[in-house]
């Protein structure tokens, strides 16, 4: 717990690198300007004291900048060789500024020593310039300074005409299973809905989404995509915020994502945010695959084009608007799973305080809820007694909750349940045996649960049609 606490603070302090890094730049540049004045006019030697102070302040702030820069690098998302080179150049700036301070303070009246000092100081300023430029490239992209260069000047310098690196050609997808998820599905969404604020033309919040390394690096608020962790990814959290929330993305004055696009991005992040794999390689469950068919050529923008579960074709009463409002006021996200449908996706991704008492509100929408996310909430087995009454439920996420196998027993009458995620719960082998009786179940995730390897092996043999994900990393 202590290590986790320290890790949080280290990563937080890393966000101050863009602030702290300007201190050594300012101090050392001011010191160099004063030094130039002294070199040209010996009567200005009175500036020597100020130069010594600026060099010392520059050295100390450079060391501090290196430290918080190292903290920032722990978040990942940077190209390793470029990051390493930038780090060593930053350390070199701190060392050279310290050397300049020492020489200026001890040997200011020794001409021979001062000649060498001048060369070191010039080298320091050149190194400072290159280091700062490299840091800017890592943050904003290598073409940041040249992307908007007027064509006459670019031509005179022998540069190619500026190109919009954000242009992605949207492919016609004939078979959704063969589509590369990131390049064929995710990138076109980013281009249409995100690049206007997060590309080489504009870098709002320090975030660029038009280049893969910069996308995973994040912006001034930190990493926006945490592969496999939808609840912890700023991208998915902001997509699901209410329209009037200032932090919602895209903002309300920009074109919003369709329901299908939102589902796609959430699934991509949840599946590991891989940039190379095809849809088939990420093994989507039948429900998700049906949703993805809307992106296939001729699929239009229908969220559920070929629903495989009878739930999607069923006629149900309209959801109680008052019940939806009650949940929404608490911070629970309640959205339709498809256009012109009465079926609901209820997510507590932004309301971790959801508990057994609050769960009773779900019963007012028992005929409408088909997707339910309770991951990382405060629920116990008592809530599963409520969940067991949601007869239309197709997907259930219980990651990081305190539920046990005793609670799983309350789910045995969910005849339409196709997907359940029990990662980081206290469910054991008995709970797995209970799930084996669910007729529609297709996928079970149980990493870091109490289900043993032997139980999973036996389950796979007896239920080969159910995709069980667990194994070596699960607690035994």
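A Cβ is built for glycine as well, from the same backbone N, Cα and C atoms used for every other residue.
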Feature transmembrane segment in TrEMBL, mapped to one of the ranges 20-38, 153-171: 20-38
Residues flagged as transmembrane segment in TrEMBL, choosing from 116-136, 179-199: 116-136
Tertiary contacts of the transmembrane segment (45-73) (same chain, 6+ residues out, Cβ under 8 Å): 10-11, 13-17, 20-21, 23-24, 27-28, 30-31, 34-35, 37-38, 83, 87, 90-91, 93-94, 97-98, 100-101, 104-105, 108
Close approaches to the transmembrane segment (116-136) from elsewhere in its chain (Cβ under 8 angstroms; 6 or more beyond its ends): 21, 24-25, 28-29, 32, 35, 39, 82, 85-86, 89-90, 92-93, 96-97, 99-100, 103-104, 107, 144-145
Rounded mean pLDDT for the residues that make up the domain 'DUF2231' (16-139): 88
